[in-house]
Structures are given as C-alpha cells and as structure tokens.
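Here TrEMBL flags A:1-22 as region 'Disordered'. Annotation comment: TrEMBL describes A:1-13 as compositional bias 'Basic and acidic residues'. For A:76-96, A:102-118, A:125-141, A:153-174, A:186-213, A:233-250, A:262-282, A:323-343, A:355-377, A:389-407, A:414-431, A:451-479, the entry in TrEMBL reads transmembrane segment. Residues or ranges marked as domain 'STAS' by TrEMBL: A:503-626.
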2 protein chains.
Amino acid sequence: MDERESESRHRVEIPPSKPWSKSLQSSLKETFFADDPFRQFKNKPISRKIVLGLQYFIPILEWGPRYSFEFLRADLLAGITIASLAVPQGISYASLANLPPVIGLYSSFVPPIVYAVLGSSKDVAVGPVAVGSLLIASMLGKEVSPTENPKLYVDLVFTATFFAGVFEAALGFLRLGFIVDYLSHATIIGFMGGAATVVCLQQLKGILGLVHFTHSTDLLSVLRSIFTQTHEWRWESGVLGCCFLFFLVLTRYMSKKKSSFFWINAMAPLTSVILGSILVYFTHAEKHGVQVIGHLKKGLNPASESELAFGSPHMGLAIKTGIITGIIVLAEGIAVGRSFALFKNYHIDGNKEMIAFGVMNIAGSFTSCYLTSGTFSRTAVNYNAGCKSAFSNIVMATAVMITLLFLMPLFHYTPLVVLSSIIMAAMLGLIDYNGAIHLWNVDKFDFIICISAYIGVVFGSVEIGLVVAVVISLLRVLLFLTRPRTLLLGNIPGSMAYRSTEQYPAANSVPGILILGIESPIYFTNSNYLRERISRWINEEEDKLKDSPATDLQYVILDLSAVGSIDTSGISMLDEVQKSMDRRGIKLALVNPGSEVMRKLGRSKFVHKIGEEFIYLTVGDAVNGISFMLHSHKSKAVQSEDVNIGNNIV
Amino acid sequence: MDERESESRHRVEIPPSKPWSKSLQSSLKETFFADDPFRQFKNKPISRKIVLGLQYFIPILEWGPRYSFEFLRADLLAGITIASLAVPQGISYASLANLPPVIGLYSSFVPPIVYAVLGSSKDVAVGPVAVGSLLIASMLGKEVSPTENPKLYVDLVFTATFFAGVFEAALGFLRLGFIVDYLSHATIIGFMGGAATVVCLQQLKGILGLVHFTHSTDLLSVLRSIFTQTHEWRWESGVLGCCFLFFLVLTRYMSKKKSSFFWINAMAPLTSVILGSILVYFTHAEKHGVQVIGHLKKGLNPASESELAFGSPHMGLAIKTGIITGIIVLAEGIAVGRSFALFKNYHIDGNKEMIAFGVMNIAGSFTSCYLTSGTFSRTAVNYNAGCKSAFSNIVMATAVMITLLFLMPLFHYTPLVVLSSIIMAAMLGLIDYNGAIHLWNVDKFDFIICISAYIGVVFGSVEIGLVVAVVISLLRVLLFLTRPRTLLLGNIPGSMAYRSTEQYPAANSVPGILILGIESPIYFTNSNYLRERISRWINEEEDKLKDSPATDLQYVILDLSAVGSIDTSGISMLDEVQKSMDRRGIKLALVNPGSEVMRKLGRSKFVHKIGEEFIYLTVGDAVNGISFMLHSHKSKAVQSEDVNIGNNIV
C-alpha cells in the first residue's frame, strides 16, 4: 500500500465519545418525545408560549376561534346523522355489556362533549364500543353476576371505567403511547375478528329469544348452551331477527358500493328500531315470545362518583378490567383517529389523544357512563357525512340529550331482537377476511399471529387471545434477533456495490476473500449463533477452496452496515471470532460500522486488536485494500505479511 | 434518462417467490440446526452413518479408540488434582444446600462418570455448583425445612435434580439450547456476583459459629440475623475462619500471578481441611464452640429412585426448582465448556452438552446425587493441570470413590468453619469487578442490566434478580426495535458512498433530495414511530429549505440496506408515508431492499405503487437517476414531471 493510496482511502474514525448524560438525554428524548411536541414553542415570546400551551392541551381553543358558519352547517348534518346511529347502538352495546340500556345513552352524552373539547381529531366520533362492552361483561361477569347483583355490577363497571380512564390518561401523560403499537396490525385483525365472532354468537341469545344463556364466551360453551335448549327457541323472534339482519346487511352493502349512499347505512339502525317498535306495538308480539326493552327512566345522567366501588373486595378485578379494556379500546380509538387523519392529511398526536380519551372516561365514570372510545362505525359515518370538526360530537350529544329528556318512552316496545340484529350486523363488518388473506399473501408469520389471536378469542377467551397474539408477535421479533440472516456478498458486475449472492445471482465473489453481511444488531440473543454461523461460512468456504490449491482463504470481511447496535456479548463474540480466525491464519476486516458500534468497538479496545487499518468505509474499499496486500506479497505466510502491512501503514 | 443510462442501471428485481413449505423448512433449519450437525453424515455409506451417529451421541466412542498412554498420564495427574479440590468442595457445597455432607461426595462420583461418556468437552470437570446449591436451599427451604423435615427435604432435592435433568436433556433434544443465550454476558456477571455475595453472607454463620440463622438470603435479613445475636459470636471460630480464608485467598492470588503455581490453589482446600482437622483433633476445639462435621457414613451412593417424591404435595415446587436451577447451572456449564474449548480451539456442540448434563442429572437423581454441572473452579484447575480428555473426570470419580469407601472417618474432626472459608474464598473469585467496570466503559445499558441483576439477587432473591435482569435485557432489545435510529445520509467526498452526516461531518447532502437510512427491521413495534420520524425529517428539511427559494424538497430516498425484515405493519407504514408524501408533491424512492423485504413489497403491490423504477441498488444510483430527472426538466410542477418520468422509463 503506497502513500498515495493510503491517503485516498476513507477512514472510519472512532466518533468522539459523548458524555453519558448527553446520550441518555437524547435517547430519552427520542423514546418519549419522538414527535418533538415542543418544536412549535421554540423562539416564541412567553405570552405566546402560554397560549400555545393551552391550545396544545385543549385543542378546541385552537380551532374554536377559526370556526365558521359553513363548518357549523356541515357539523350539524354529520352530528344528527351519527346521533341516529348512536341511540340504537348505545342501547345495544349497553345490553352487550349486561348493563341497563339507558347507560348506553348516558355514555353517548357526556363523553362526546369532553372529547370535543380535548380531542385533536376532526373525524372521531366517540361512544361505547362493542369489543369493550363484551370484554367488560366477560371479565366482570366472572365474579359478579349482573342479574343476581345488578347494583354491584353496575358500580364495578363505573369503577373499571374510572381506572381505564386513569390508565389511558397516564399513558398519555407519561408519553408511553407507544405501548399501543405493540398491538400489531395482524393482532388487531385477528383479535377484532375473534371478538366479532364471539359477539355474534352471543346475539343468538336475542335472535332465538332464549332466556337462559351461558356466561362463557367461548365457542363450545355457546354452542352447547344453544343446542341443549332447542325446545326454547322462539320462531317469532328468529324470523324477526333474520329479517332485520338481512335489511341491515343489505343497507351496509349498498352504502359500500356507493359512498354517497352512506346515509342509508347510518339511518338503517334507527329505521330498524322504529319499524320493530311499531310492529311490536300493533301486533302485541311482546306477549308472543318477542322480548322488548320495557320501561326506560327519563332524565339526564345522574352523578355516580359516590358509586365507584373503591373499597370493594372486587377492586382488584375492577382495576384489571379497566387496564385491559382501557388499552384495547384505546388502540381502536387511536387507530381509527390515525386512519381518518391520514385521509384528510392532518396530524394527530397519539399521546394527546390518549389524554383526551382518558379524561373522557374519568368524567364518564362520574356521570353514569361506561367505557367509551373512538368507534370505527360512528367515525366512518361522521366522515362520510362530511363533518368538519369535533363539533359534530357536541351535536350528537345534544341529540342524545333530547332523546334522554323526552323520547325515552318511544323505546318501550323496541324488541331486543332488533338490538341483537344491529349488533350482529355491525360485527359482521369487523371480520376482515380480506385483511387476513392479505396477511397470508404478504407475510405468513403475521397470518399466524392473526389466526392465533382469532382462535384464542373464539375458543379460549378475549384475554387469552390477546395475550397469545402479543406473545407470538414479540417472539417473532425476538426470533429475528436470535437467528439473524448472514449473507454471502459478491460484487455486482459493472459497479462498486457488493450485494447478497443469493439475491443477485450475478454477483461475483472475490477469490481468497470471504465477504459476509450481518443483517441485524448483534446482541446477546444472537452472538453465540453468529459465532457458529460465521465459523460455518468459513468452513464451507474452505471446503470449496480445497479443490483449487491456487488460492486459500486469507481474509474475511464482515459488512456491519446493517448492524444498528451491539452489546458487550456481541463484542465478545467478535473478539472470539477474531481469535479463532487468527489461529487458522485468517485475517478479519470490518466494513462500515455505525457510530454507536464504532464507539463501543473503540472503547472495548477491539479496534486496537484488529488494527484500525482493517476497518473500511465500504466493501469495495476493503476488497481493494486487501487485494493490494494479497498481490504485492504473494506469500502464504500470513504472519510475515501481517508485520509488513503493519509497517506500511503505521 | 436515455437508453444507454437506463441499461447501465442495476435493477432490483423481486426475487422469485419460494414455496411457503420450503422457506418454512429453511428457517426451521436455521433456527434449530444452525450448527448443521448433519453435515458430517452427508454422502457416507449407511454403516459409516451408524458409527458416526453413535459417536455423535456418545462422544467417548469417538475419542476412546484414539486414546493414548500419554493422554492417560496427563489425565491421571489432572484427575487426582481436581479430586483434591472436589472432596472438600463437595462437602462444602452440600452444606450450602443444607444437605448432609456425604451427598456432596456422592455427587462427585456418579455424574462425572456419566459426563465422561457423554460429554463433548475435553476440559469440563463436573460436580456440584455453588449457585445451584444456594438456589436449591433458598427455593425448597421456603416450603420444607431441612432441619425439621430432613428426609422430605432430601427427597425433594433429588426430585428437583431429576426434573432439572429432564429439562436440560429436553432442551438439548428439542435443540432449544439457544434459550440459554438469553442469559446475556451482563446478566451472568451481575447474577453471579450477586449470588456470590449472598453465599458469602451465608458463610458468616459458619465463620461466626452461629447455631441459629435466617433462612432468607437477602442482605437485610442476613445482617439483622447476624447483628441481633452478637452475643452468640464465637471468637475461636472467627479467628480460625479468618486465618483459613486468608490462606486460601493468598494461594489463589499466588496461582493467579503465575499459572504454573495452579496446583497451590488446587491443593489449598484439601490442605485447609487436613490442617483444620488436625488442629481440632489435638486441641479438642469441638468442645470450645468450633463445630465439626461429625460422623459420616461410609459406602458408595445408595439407590434413590424410590425416594423421588412424585406424588408429594410439593411436587410443583420441585418441578419449578428443577427448571430454574437446571437452566442456571446449565448456562454456567455451557459457558465454561465454551470458554475452554475456545482456548484449545475445538468446537463443542451446545445441544449435545445439554443432553449430557441432563442425563448426568437424571442418573444422579437415581443415585443420591444432587444437582451438578460443569463448574468453573474445577474446570480451570483441570485445564491448568494439563488434562487431555474427559477421562480426568473418571479419575476424579475414582478418587472420590476411594474416599467414600475408606477415608470418611478422616473428616470427623473437620471444622465447619474451614468449609465456610473454602466456599467464601471460591465465591470472592466469582465477583467480577473488572467485568462490571468493563461493562460501564463499553455499554452503559449492559451495566444497568448487570447491576439490576446484582441488586435483585442481593436485596431480593436469586429468582427476582434473574427475572429482573432477563426482563431488562429483553426490554433493551425491544427498545432498539421500538425506537430505531434514522440517519440523514450524505455523500462522502471523493467516493460513491453515502453515510450518516452525523458520523461523517464531511458528508455532503444533495440539494432537493432528502436521503434517510433506517437502522433496524421495520416491525409493528416501530412502524408508527418511523412514520412520524420520517415526516419530522421532511418537515425539518422543508424548514431549512424555506430560506433558499431556489430548491425545494422534491425527492426522499429511503435507504433500506439495514432493514433486515419487514412485517405487514411496516408495509402499511411505507404505504402511508408514500401517500402523505404524494399529497405534498414529494416522490419516494427506495434503495437496496433485501430479498425478503423486496419479496414482501412485491406481494403487497407496494413496488407497483411507487413504481419499480424508483427502487435502486445503491444510494449513488438513486441520486444519479433523480438528479438526471431534476435537471432535464427544471420544472417545479411535480405532477407533470411524474408523467414524463413514467413515459421515459416504461
């Protein structure tokens, strides 16, 4: 290596070491403030900062002053449209949670108002969610029966809602919103599909007009419960249910075909309720096996802060239920908000949304509401109806308020079977076959995660499905880090690039030099594997070269471009690889270690051990440098060569 | 882009899709048979395959026939040397596990013979290990008192040993050996240091001659137990203990200074036992507060298979103890075997070693032995004494057998305080200050893991320490995948390479083009973060460009070289990034996706969406291609440009 060449070479320096406190600070910032929320506050006078801060925490202060009459007209229309969906849905979902129907309406009154003030999405419409309702019923129902001890059950539901709110708000305040990301896309598809299946099965109770029904949610218990009481099935109820279900599914299908027909879908539940009630009122079907809602208490939400069961022996259960249901409905709400924000190309802040959802649920638990979140169906209708801001939530709340104050008697004759049909129709839309097929086509492992979640929910319970899916998702990630790919690299003809010979069969290997790429960070999880794998590559290469006595393996180049990070186990591994190669007379060279990797290699003296001159910027540089050494010496005595190289460079 | 240029460009093709079964098979092979154990069987006649197979499972068949007289001489010397360490160590560690001392000797007889037959290491010497002994005592002692119910306690120890063996062998057979890798280097340093501290504290009982002592292992309980009974301290015992401790530490120090003095260290424990026994015999110190071992039963290991407590109500505890202690001593044994194999440059097969350790413990549990593994101290002495094969274990076992048959009465007067000193001296060597300092210097996070393990063990319990350390290690790995680094890349002057502008301040950015590198696989854990981070990069770049109206941001290049894998959440993220950039009039280009990433991008139609011509092999290619487009049009109307580009290329 002559003077000229060693000068033109690009060196990989050990980056200057940052103080520990500084690097900690920057990594904390990247972890918790990845979206840089303080960016807008920079270089502003203090008064402006206060205004911005208030607007940050209370978004209505930000968009309220800019609110125009045109927006109002759009929001009025959208709000009334979602109210017509919200009333029957509220009643239905409350019954899914084994709660008195009126609580479903309460929950569509206070929380939407709170969200309108605090939420940062323009499209999200809030209210009770099906999966959350089901989860509450199945988790709390295990310890307290809603039929035998209704007062305690309702109190526990409020308590769980309170803790769900506290947990959600805490996640937001502590900027731990990324925990929601751990529910992957595949998990959510499988989990939602499973929950929808379970909810549909539960509705068979209503559709078949059964009075007794299992409290379990798994497929086998439900089927057993249904088929052991075939003599209790009521055909009147069944026929009515199937008709309404058909009507609802048909309207959804139509509105899907043409998006300007969205209002058909939005109005269908209310239409069903009205039709069903009229039918029952005139035929007196309630005396022929068709169960009806019955008397509903008029009036707005009563205060319920004194009913929170803080001292109860079931407190632990309420906390657990709150946390699990809280995070799940939060995931749904955030996902819904993000999707629609993407359509309209604005940004929503996940952590801020969590605080909004959390405060909304805390406020709800004080005013006889149960768990609410941003719901997919209402939000979709809201969006299609042309909403412009969160004000449509206030319009919806006002409509619900009017219902609560004056229209409650109208629901007396509403048949339960219509509610079951509404729930079932909504649930059928949540089973995302196409999503699952897409997963199968694109990523088999994601499909496995999805199916595990589905099977876990349907045959086990909602919690089992969730835990199974999250664990498998994490195992997949860990598996990647436990068995990372190592690639044999070769030169792409006509370029300086070195790429995997498997992906680019045209890539040429360099005689006497083995070039390996490592495709993941080197951590304790994979350092033993990588050591063995590298030695296997070397063995295989030596076996290959046995037949051609002209060249033998003299250099191994490790391309660290894809190694984002390394820990001490990884450094020990490199150390051991280098030692064992030394013994076999092979020299190790590294290519393109990142700044963190380079810093740690420097601190652990590994750079010193392999020689700074054996760390190259690109594989091309490394091959050039090494080929030069190989040719200028043409000696197989590696040791004497090493000395020569050392002399030339130092 | 003219004909010539588009021909010279290297295309990134979608790799031909492999059948699902084939890719599953290859990934299973890489996961479970990473070391390719069948390699040696390839292309061999069937009879040779049978011989090789037997030799694979029973390594003694492989090295036995080649065994020479020279090897025998070396192994005899090494075996006798380790026996002189094994006898006092066996007695000491048994008392650490609250077992009768003779069980420690039994455990140095049968297991070494089994290991000699099945083990693949030439250096490992087996026997009871300190941490395993402590763990057994602390886990089983919680439910069954060794003083009040000694028979049941011993039976449970055998049962736990049996399950430890079954678990270890199962890990080996199922080729799940990589689970041991999850105990990272840092975890083991902290854990061992903590366990050694705890064991030392426990020895204060023996050194101070205390009769009553706490069963807890945490620092506070032990200190309370010691300082509440200061009046019970026996100075005779204390003086004797300190003298022997000093002697033992001194000999270790000497042998560390000069490795040819290794025998001083190896003989020191036996010397201490002999000196201590003689001293007590002549001074009748056993009547002055110096406790002695007392009567020991002569004879070889009695059978104990009928004593395994399979029907006992403590069965669950025995299984749990077996699994936890099994995996910990296994990790120690494997690590020891690997380290010494590295010194002598031979390969040991982790899974085969696990089977050997497992069978050894199962056999042990049938012959009154408790948990054994490859121990660091014995192996180091064995290695230094020049052992050549596992035969030195058989020599040691024979020496222990002779002790069991004839020499037991000699230990009658051995003072317990000597045993305590032996344990303490051994433990002091396990506290690896320098290792911890090295962790602090190289990798702060590994240091945190190490210290958490230490604190968990010392202030909580051995299990707490272990769980805390493993959880933190995994969190660190997950954190990397949750908040991966994204780098701003620039051109290194005088080369075609694009590298991080932070690491290489000389790197130049390209006007109008933002080049970003992603440093980890794109998974659900980070897809939301990456979406926000990329949009923040774009915002920052646009802010920067605001002042220079000449150029605005028209292209973003994502370098996927370091993205080893992607899941469907990741693909959705790219999709959303592309859509939102489209709306801002910015075009996305990808660089160097690996074969798996490319295949998934192809299957999900993403390649189609961004246009195959916008996927480049190198950043250099991408910049050239895009600069060409930028200059040949000089128009800011991105849409018309897009159409043009499409026309030129298709």
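Cβ coordinates are placed from backbone N, Cα and C, and glycine is handled just like the others.
Looking at which of A:102-118, A:233-250, A:323-343, A:414-431 has the most CB pairs under 8 Å to the transmembrane segment (A:153-174), the answer is the stretch A:323-343. DSSP assignment over the domain 'STAS' (A:503-626) gives 64 helix, 21 strand, 39 coil. Long-range contacts of the transmembrane segment (A:102-118) within the same chain: residues 57-60, 86-87, 89-95, 124-128, 154, 157, 296-297, 300-301, 355-357, 359-361, 363-364, 367-372, 374, 390-391, 393-394, 396-397, 400-401, 403-404, 408, each at least 6 residues beyond the stretch ends and with a Cβ under 8 Å from a Cβ of the stretch.
Residues 131, 134-135, 138-139, 182-184, 186-187, 189-191, 193-195, 197-198, 216-220, 324, 328, 436, 445, 525 of the same chain, all 6+ positions outside the transmembrane segment (A:451-479), place their C-beta atoms under 8 angstroms from a C-beta of that stretch.
Same-chain neighbours of the transmembrane segment (A:186-213): 96, 130-131, 134-135, 219, 222-223, 225-226, 229, 232-234, 236-238, 241-242, 245, 289-291, 328, 331-332, 335, 416-417, 419-421, 423-424, 427-428, 430-432, 435-436, 439, 443, 446-447, 449-458, 462, 465-466, 469-470, 473, counting only residues six or more beyond its ends whose CB sits under 8 Å from a CB of the stretch. Same-chain residues lying 6 or more positions outside the transmembrane segment (A:355-377) and placing a CB less than 8 Å from one of its CB atoms are 57, 85, 89, 94, 97, 99, 103-104, 106-111, 114-115, 118-121, 124-129, 132-133, 136, 157-162, 164-173, 301-305, 308, 325-326, 329-330, 332-334, 336-337, 426, 429-430. Ranked by Cβ pairs under 8 Å to the transmembrane segment (A:233-250), the stretches A:323-343, A:389-407, A:414-431 are led by A:414-431.
If you take every residue in the domain 'STAS' (A:503-626) and average the pLDDT, you get 90. The recorded stretches the transmembrane segment (A:76-96) and the transmembrane segment (A:389-407) share 3+ CB pairs below 8 A when only pairs 6 or more apart in sequence are counted, and are therefore in contact. Counting Cβ pairs under 8 Å that are 6 or more residues apart, the transmembrane segment (A:323-343) and the transmembrane segment (A:125-141) reach 3 or more and are in contact. When Cβ-Cβ distances below 8 Å are used as the criterion, the transmembrane segment (A:389-407) is approached by residues 59-60, 63, 67, 71-72, 75-76, 78-80, 82-84, 86-87, 90, 102, 105-106, 108-110, 112-113, 115-117, 119, 121-122, 124-126, 298-301, 382 of the same chain, each at least six residues removed from its ends.
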